[in-house]
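Participant: The following block contains the structure, expressed as structure tokens.
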Amino acid sequence: MSDLVLVLNSGSSSLKYQLVQPESGESRVAGLIGRIGEPEYPADHEAALVAAFEAIAAAGYDLAALGLRAVGHRVVHGGDQFYRPTLVTDEVEREIERLAELAPLHNPANLRGIRSARALLPGVPHVAVFDTAFFHGLPAAARTYAIDPAVAARYGIRRYGFHGTSHEYVAGQVPQLLDRDPATVNQIVLHLGNGASASAIAGGRPIDTSMGFTPLEGLVMGTRSGDLDPGILLHLDRAGMTAADLDALLNQHSGLRGMAGANDFRELSAMVEAGDSAAQLAYAVYLHRLRRYIGAYLIELGGADAITFTAGVGENSVAVRADALAGLDRFGIAVDPERNAAPARSARVISPAGAPVAVLVVPTDEELAIARAAAEVATGQPD
Ligand code: AMP
């Protein structure tokens, strides 16, 4: 048997795959198959997986002959029942299917990937790693919406939180980077990608996070609105918009794209520089929301030891990092302009030497985190 883990992230029309050595973190092959179901493209997830296996074989890894340690599957929603990486059985598949009620866009696609992979690689342990798992134990005050508890219980309404694999992975690195005991570190993690979320973590345990019942709540994102007054939905409903209209509005036509016409942050930044007023307003709204969460989490934590930026925007945008924390010196928070602008790719501190609050950039690696979790679960399984 090889020491490799195959990580699969199966979306509605795409399949991301990566062959990873979990201990070293080395990625051997990675790729993305898109447009599943469109003419001239793989007809379904099983065909996409066959194509992925061919690409992996072309890179020198014959998966059938190699013997994988495990296949790790990203699953968006684990509901209340899945809060650790879980060996997939038929029963687990049925539960993930049932949870599609809570994540209609994601779980069915995740499940298609799992079913296809189990059919094609039957002798390998398949492990589901849930985006919600890290936030399962949020304190009651943070996970509860202030609505009729009978309604909440009946419809499974609570703050679940998402991007958990990333928040956990990044938060796990910060104490090491600062050479501190993890139990003593209060931290804020800002996962700023196309999707975006913030979390407050005390001694390794999350105490709050910005995404909620769905991945729509919280920060302004590439195409999603983040927080808004729920009364707006009632108003638009009364004005004749359907649930499908609202879904499309809030998930696809809001956020940076909705406000400025561009969801890619590089494009938005170029528009801001060029003086585009819609882009400037979108950037201002994005930062306003982000700073509001940073402020809230500083208070919830009773002060932070570290604030960490991750994901596409967080790892790459010098301006967002500087603007998000500008003018906070009185809280011991500052970004060193030179450190911030240094063209580094690795995890690093960007606050001035000796600053009371460490500000960091830590590249996230959800695939590696999933590979490690899958290898750990598989190790506990009989052959
Ligand atoms: P993710 O979802 O983590 O892949 O992040 C995607 C987002 O990161 C997109 O909005 C990209 O425009 C943004 N991004 C990637 N590279 C850069 C960069 N060099 N500067 C600013 N934003 C970037």
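Heads up, the Cβ atoms here are built off N, Cα and C, so glycines get one too.
Positions annotated as ATP binding site by TrEMBL: Lys16, His191, Leu192, Gly193, Asn194, Gly195, Asp264, Phe265, Arg266, Gly312, Val313, Gly314, Glu315, Asn316. Taken from TrEMBL, the feature substrate binding site applies to Arg74. Annotation comment: TrEMBL describes Asp131 as active site, proton donor/acceptor. The site 'Transition state stabilizer' feature in TrEMBL is assigned to His163, Arg224.
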Participant: List those of the recorded positions Lys16, Arg224, Arg266 whose Cβ lies under 6 Å from any atom of ligand 1, in sequence order, or write none if there are none.
Facilitator: Arg266
Participant: Could you tell me the C-alpha distance between Arg266 (ATP binding site) and Arg224 (site 'Transition state stabilizer') in angstrom, no decimals?
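Facilitator: Checking the Cα atoms of Arg266 (ATP binding site) and Arg224 (site 'Transition state stabilizer') gives a distance of 17 Å.
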Participant: Near Asn194 (ATP binding site), which recorded positions out of Arg74, Asp131, His163, Arg224 have their CA within 10 Å?
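Facilitator: Near Asn194 (ATP binding site) by Cα: Arg224.
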Participant: Using a 10 Å cut-off on Cβ-Cβ distances across all protein chains shown, tell me which of the recorded positions (Lys16, His163, Arg224, Arg266) has the largest neighbour count.
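Facilitator: It comes out as His163.
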Participant: Rounded to the nearest Å, what's the C-alpha distance separating Lys16 (ATP binding site) and Arg74 (substrate binding site)? Just drop the number here, would you?
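Facilitator: Roughly 10 Å, rounded to the nearest whole number.
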Participant: Need this for a regression test: recorded positions Leu192, Arg224, Asp264, Val313, Glu315, filtered to those with Cα within 10 Å of the residue listed as 'active site, proton donor/acceptor'. What's left?
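Facilitator: If one measures from the Cα of the residue listed as 'active site, proton donor/acceptor', no recorded positions come within 10 Å, so the answer is none.
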Participant: What is the Cβ neighbour count of Val313 (ATP binding site) at a 10 Å cut-off, with all protein chains included?
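Facilitator: Counting Cβ neighbours of Val313 (ATP binding site) within 10 Å gives 26.
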Participant: Using C-alpha atoms, which one of the recorded positions Arg74, His163, Glu315 comes nearest to Arg224 (site 'Transition state stabilizer')?
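Facilitator: Of the recorded positions Arg74, His163, Glu315, His163 has its Cα closest to that of Arg224 (site 'Transition state stabilizer').
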Participant: Sequence gap of 6 or more, Cβ distance under 8 Å: name the residues on the same chain that satisfy this around Glu315 (ATP binding site), in order along the sequence.
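Facilitator: Result: Phe309, Val361, Pro363, Thr364.
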